Every structure is written in structure tokens, then in C-alpha cells.
Amino acid sequence: MESTGLISGIPKNADSVTTIKSKLSLYKIRRFWKQIILSLLAVSIFLTLISPSVTLKNTSQKKNVIFFVTDGMGPTSLSLARSFKQHVYNLPIDDVLTLDKHLIGSSRTRSSDSLITDSAAGATAFSCRLKTYNGAIGIDPQKNPCGTLLEAAKLQGYMTGLVVTTRITDATPASFSAHADYRFQEDLIASQQLGNYPLGRMVDLLMGGGRSHFYSSNSKDSEWVGNGGARADDRNLIQEALDEGWSYVGDRASFDDLQNGFNVSLPLLALLADNDIPFDFDRDPTVHPSLKEQAMTAINALDEATKDSDEGFFIMIEGSRIDHAGHQNDPASQAREVLAFDEAFEAVLDYVSKTDTETIVLSTSDHETGGLVTAKQVTRTYPDYIWFPEVLANSTHSGEYLKKVYSNFIKFSNNLTRNEIKNFIKKEIFENGLHIFDYREKDVLDIMSYKDVNEVQEKLNRMISWRAQIGWTTHGHSAVDVNIYAYSNRKTTWYRILDKLQGNHENTEIGKFMEEYMNLNLDDVTDMIQDTVHHPDMTAKELENMDEFADEYFHHLKISLD
């Protein structure tokens, strides 16, 4: 029988040897690639297990952007609120705010015409990602309208929203949703926010105060208006909005009917006060919702509206009245406003951690207000290293609230004797309101002597600040750098945020990051809005007369006729 020619399993025939070697080579190659594929699969599974932010079920490019603005909140505001909270709740010194856990950097805040910005230029730096002059609303330094993040997002298919605790026509929300040469043009801003400009309606949800700029004192034809109409014309924008299909919310009961955002028909106009919503310190929860309630109602509404969409939502949420507490030099209100914001921030982070949609949260301030320091030298001798949060905790209302209590007492009481006024100041204002018992007779007489009720407010806030040993350097803004906070529910996105915004940055870089993240082109939007009416309808003489004007929060207008 013919030999097989096999020695140790290998044929002697050369062609057969070549065939076997080829098969062995193919086997080795296949085994090599099989090992590579198995290794890659193992690494993928491992990364999925160790990183909760990596998900296999969400492969879409849908994104949400939640941008917080803490108007007027500087680094000292955090220190003040943190120590205040620790004192009030008897917490250990390592108990920190939710914001503290998400600090990534700081922002420089100057405007194009000053080292110290105002809210209009500060917000426009975010919304248009450019520097402009103080007072400008969505306008560049040459007084040309600039496309905003909100407009570009809406044009790309995102749903959009604005939530504030001041007037919805105030500088920060206006800079995302309108274009005006000056921040005082709130009647024009209100009209544009409802869609009366070249782009049409760009905002799906408006929520805050500021009802007064949506109707005039002559608007009596609607159940939705009160007695605080401030429009210079006779238009009733609330009724116009209703006629154009907006849903309207004007009080606590109708806000509650929104069912935390799950019973909302967009577009929604929610005007919850004629002017600003009261400080959280003074807020009656049966009348006005908290910032947390507003924020989550808005986010849930936008989330529901986009659940079947390829695009997510963009929302700007402002802790507006931190700024007002700073302007008024009111540390008791400042601490509580920061804590109210922190509660809203925490609630939003909880939502973001649970949603399947890729979402980023950014939070920063447009500027610091008041030049706040947690120290004040109250004697000529070298100061003790101490300040007293208990003084803030013991007070029961803001200076703003108590000035109104005093003013109404004087206004609506008849034939008051001097002693009756003095006793009211002592008992109702100093003792019950501020919980101050070591006042002097001069303090009482000072209150009685003031012709301007705002002087009463300043006096009360000085009494609190002095006893708490809290210092202020200004009733205006300062040039101090402000903090940047961030979060994302996707690890790769989180690294992207850190790469771009960790450390110290210009405020415009924050706007630029959001533009790039949402794949927007603000320049294209800018080209589309150049026909927007944005100049004030005033004569040159009237504008000149406005030059020295400042509102109750010391916002100077700095009118330019150029």
C-alpha cells in the first residue's frame, strides 16, 4: 500500500505542505482577529459597567441645554449662604451647597465700554457670545442686532424657554429674546418676546414677573390684567397673545393647574407678578411659586414637548433677585436668595441625572453686585475675626418688605401721633421685623426723618449688616470674577466641558461653547434680524434727559446718541 508520506502529521509532498501552511496561517489570522474582537467587546462591557453616564440605549444626537444665570452672585455670596445654612440647620462645617460640588472655573465679566459690566451687556455676552456696551439688549457695540443662542436654537428645531424671578422683560431674559439699544425699552422687549419682529415667535415658554409691560393702565377689557399696567401705548399684549394661541398663567391657582409641567399647552406665557416676584425671604407660597417650582415646571413642560422630537430644548433660568439683594446691601435676603437658587439647581440636576437625553447644565453669573465681603470693621480697634450669621437668621423680612410695611402704615393711618409712629417703628420694624433690640433713639428718629422710603430700606439693611459684621463696598456692581459651575449626564460631554471651560475664561467663551455644542451658527441669525426695530422711539432731547436716569437698583442707562 502506498505510503501516505506523513511524518509527524505533515505530508512530504511539497504542495500539500504549502496547503497546510496556508490553512494554518488563515487559522492564526482568524484566531488573532477573534481575540481582538473579544478584547474590544470586553473593554466595551467594562466601560459600560464602570460609567453610568455611558448608555447603550441612547444613540441619538438629541441634546438639552440648561443655562443658569445667578444675577449678581459673586464668590462671597456662596460663602455667606453656606455659613448661614450651616448655622440655621446646625450642620457640620463640611456641609456644602450643591453648587459647591460642581465648581469648574471662573469668568471675567467686563463689557466693551467698562471694566464693570451691567446685566444687559453681561447677558448679551452669553447670548450673542460678544462684548457690548452696558445697557445693550442683544445688540453689538455698533448698535446692530446680534443673533442669540435662543433664536438660533429655535430655528434649528429646539424648544426654548426663559424662567426668571424678576420681570421677564428685564435685562437678562431680554438679551436672549429681544433686541433693543437700551434695557429700559421693556415695552418693545415684551412685544418682541411674543414674536413681533422679523423672526416671529422664538420663545415657547416665558415665565416670571413683569406683567406690567404687557398691558397699559387703560387695558380694562381683559380678566387677566390688574392695576399695574405700565405700557406707554394702549396695547394689551396679554390679550393679543391669547388671540394668537398662547396659553396664559397669571396667578398661583393657574400655575398649579400646570401640574408641575405635565399639563402645559405651549406656547406658554406665565406672568406671576406685575413687577418682580418677591424675595424668597418674603414670598407667600400661596401667592407666588418658588424658583425651584418654576424651573421644574418649565423643564418638565419642555421635556414633554420634545419627547418625540429629534431635537431637545434650550432654557435659560435666572436667579434674578440675588442681584437685587446685592444692590440693596441686604445680607439676610442675599443668603436666602442663594439658597433658593441652590435648591432649584439641585432639583434640575436630579432631573438631568435621570433623563435619557444627553443634557448639559451650565451656571454662572453676569457679574457680582454690592462688593460683598463677609467681614466688616465696626470699631477703631483691630477687628475680631468673626461675622454673625445668627443676625441674618433672626430677621423675619427683607428691608424691601419692611419699608413697604412702614410706608403703608404712614399712608393709610389717620391722625397718627408722634409716639404712635415711634412705637410702630420700634415694635413692628426693629423688633418684630429685624429682631433688633439694641437700637438707639437716633435710629428711630432717622426712620421718621426720611422723605424717601428707599432711605428707610437702606437704614434697615445697614442695621442688619453692621450687627452681622457684613461689609459692602457699593450699591452697584463690581469687577470681581464670578464662578462657573457645570454638569452633564454623559462622560464624554463632561470632558468636553472641562476642556473648554475649566479654569478662568471670558464670559463670551461660555456663549461660544453653547453655540458649538448645539451646532448653531449665530452669524446666520444675525443676518436675518438686521431689520429689527431696536432704537427707542424718543427724540434726541428725550434721550439726553434719560442720561442721568437710574432705576431703583442703581442701573444707570449711559445713553449714547451715536
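Each position is counted from 1, following the chain as shown.
Each residue, glycine too, has its Cβ placed from N, Cα and C.
Caution: TrEMBL annotation is automatic and unverified by curators.
Residues annotated as transmembrane segment in TrEMBL: 32-54. Summarising the annotation, TrEMBL assigns Mg(2+) binding site to D71, D170, T172, E318. For D71, D323, H327, D366, H367, H477, the entry in TrEMBL reads Zn(2+) binding site. Positions annotated as active site, phosphoserine intermediate by TrEMBL: S119.
Inclusion criterion for the binding-site residues H327, D366, H367: a C-alpha placed within 10 angstroms of the C-alpha of D71 (Mg(2+) binding site); this criterion is met by D366, H367. Within the set of binding-site residues (D71, D170, E318, D323, D366), the lowest number of other Cβ atoms found within 10 Å of a Cβ is recorded at D71.
Same-chain residues with CB within 8 A of the center of the D71, D323, H327, D366, H367, H477 CB atoms, the Zn(2+) site residues themselves not counted, are G72, D118, S119, G122, I322, G326, S365, E368, T369. Put simply, of the recorded positions S119, T172, E318, the one whose Cα is nearest the Cα of H367 (Zn(2+) binding site) is S119.
Taking the residue listed as 'active site, phosphoserine intermediate' as the reference point, the binding-site residues whose C-alpha atoms are within 10 Å of its C-alpha, out of D170, E318, H327, H477, are D170, H477. For T172 (Mg(2+) binding site), the nearest of the binding-site residues by C-alpha distance turns out to be D366; the candidates were D323, H327, D366, H477. When the binding-site residues H327, D366, H477 are compared by Cα distance to E318 (Mg(2+) binding site), the shortest distance belongs to D366. Summarising the environment of H327 (Zn(2+) binding site), the number of other Cβ atoms within 10 Å of its Cβ, over all protein chains shown, is 22. Other Cβ atoms within 10 Å of the Cβ of T172 (Mg(2+) binding site) number 28 in total over all chains. Cβ neighbour count for H477 (Zn(2+) binding site) (all protein chains, 10 Å cutoff from its Cβ): 27. Around the Cβ of H367 (Zn(2+) binding site), 29 further Cβ atoms fall within 10 Å across all displayed protein chains. D366 (Zn(2+) binding site) sits 13 Å from D170 (Mg(2+) binding site), taking the CA atoms of both as reference points. When the Cα of D170 (Mg(2+) binding site) is compared against those of the binding-site residues D323, H327, H477, the shortest separation belongs to D323.
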